[in-house]
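A.B. asks: As annotated by Swiss-Prot, 5-phospho-alpha-D-ribose 1-diphosphate binding site applies to 26, 72-73, 99-100, 103, 105, 124-132, with the evidence given as experimental evidence. Summarising the annotation, Swiss-Prot assigns orotate binding site to 34, 35, 128, 156.
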C-alpha cells in the first residue's frame, strides 16, 4: 500500500465516509463496512479528494486527454481532480460532464465543459452495478471519443450476481482498465496494521471469503 492510499483510508475514516460495523447493502448483503462518498461534503474535503484522485491517476500511468464526470456525483469529482492535476502535477487537462436533462436554450445540449473528444478518463465515486458507466459509454461513443479508463475511489472487489464483479464486467465489456484509489485488499492491509481494529479485520476477511473475487 502506498502512502497516499493509507492517507486516503484515514481521511475516509475521519470523515465517517468509511465505517466498520454491520450494514445491509442494496443487494441485501450484510457488509462489515460501508463507504459513503457523499460525506466528502466541504470545500476542504473536495480539495483533498481531488489530490487523491489525481495521485491515483498519475500512479496508474494511463494516458488520457480529458476527464469526464457522470452526473451527478461524478461532476464535483471531475472538477476537483482537474484542479489537483493542474496545481500539483502540472497537467492542465480539460474536463466535462453531462446533464441528466438536455437544455433547449442557451448553449443547449447535454454536455457542460470542454468538447468530449479523444481518450476519456471517466471519474466517479464507486461502481455498484455499472449502470452509470454504461450510460456514460453511450455518450462517449456518440461523440466519437474513446474510453481510456475509469477511476473510482473504492473497489470492493466482490462478486455481482454472477462470478465476477461489476468492475470486471465493465473491464470485459469495454476493454478498459478500472482503477481505484483503494481496494478491499488495501483496507484489509490497513486493518492488519491496527491491533485495536482486530474485530473488524476478522469480519472483513470473512466477507471477502464469501463474496470476494
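Note: Cβ is positioned from N, Cα and C throughout, glycine not excepted.
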A.B. asks: Using a Cβ-Cβ cut-off under 8 angstroms and a sequence gap of six or more, which residues of the chain neighbour residue 128 (orotate binding site)?
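C.D. replies: Counting only residues 6 or more apart in sequence, the Cβ neighbours of residue 128 (orotate binding site) under 8 Å are 26, 166.
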A.B. asks: For the binding-site residues listed here, 26, 73, 100, 156, which shows the highest count of neighbouring CB atoms within 10 A?
C.D. replies: 156
A.B. asks: Which three-state DSSP class does residue 35 (orotate binding site) fall into?
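C.D. replies: Assignment for residue 35 (orotate binding site) reads strand.
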A.B. asks: Out of 34, 35, 156, which of these binding-site residues is nearest residue 127 (5-phospho-alpha-D-ribose 1-diphosphate binding site) by C-alpha distance?
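C.D. replies: Ranked by Cα distance from residue 127 (5-phospho-alpha-D-ribose 1-diphosphate binding site), first place goes to 156.
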A.B. asks: Note the Cβ centroid of 34, 35, 128, 156, the recorded orotate site, then list each other residue of that chain whose Cβ lies within 8 Å of it, in sequence.
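C.D. replies: Other same-chain residues with Cβ inside the cutoff are 25, 31, 33, 36, 126, 154.
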A.B. asks: So of all those binding-site residues, 100, 125, 131, which one's Cα sits nearest to residue 34 (orotate binding site)?
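C.D. replies: Nearest listed residue in space: 125.
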A.B. asks: Could you give the Cα-Cα distance between residue 156 (orotate binding site) and residue 100 (5-phospho-alpha-D-ribose 1-diphosphate binding site), in whole Å?
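C.D. replies: Cα-Cα, rounded: 27 Å.
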A.B. asks: Using a 10 Å radius around each Cβ and all protein chains in view, which of these binding-site residues has the most neighbours: 34, 35?
C.D. replies: 35
A.B. asks: Helix, strand or coil for residue 100 (5-phospho-alpha-D-ribose 1-diphosphate binding site)? Use DSSP.
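C.D. replies: Once the DSSP labels are grouped into three classes, residue 100 (5-phospho-alpha-D-ribose 1-diphosphate binding site) ends up as strand.
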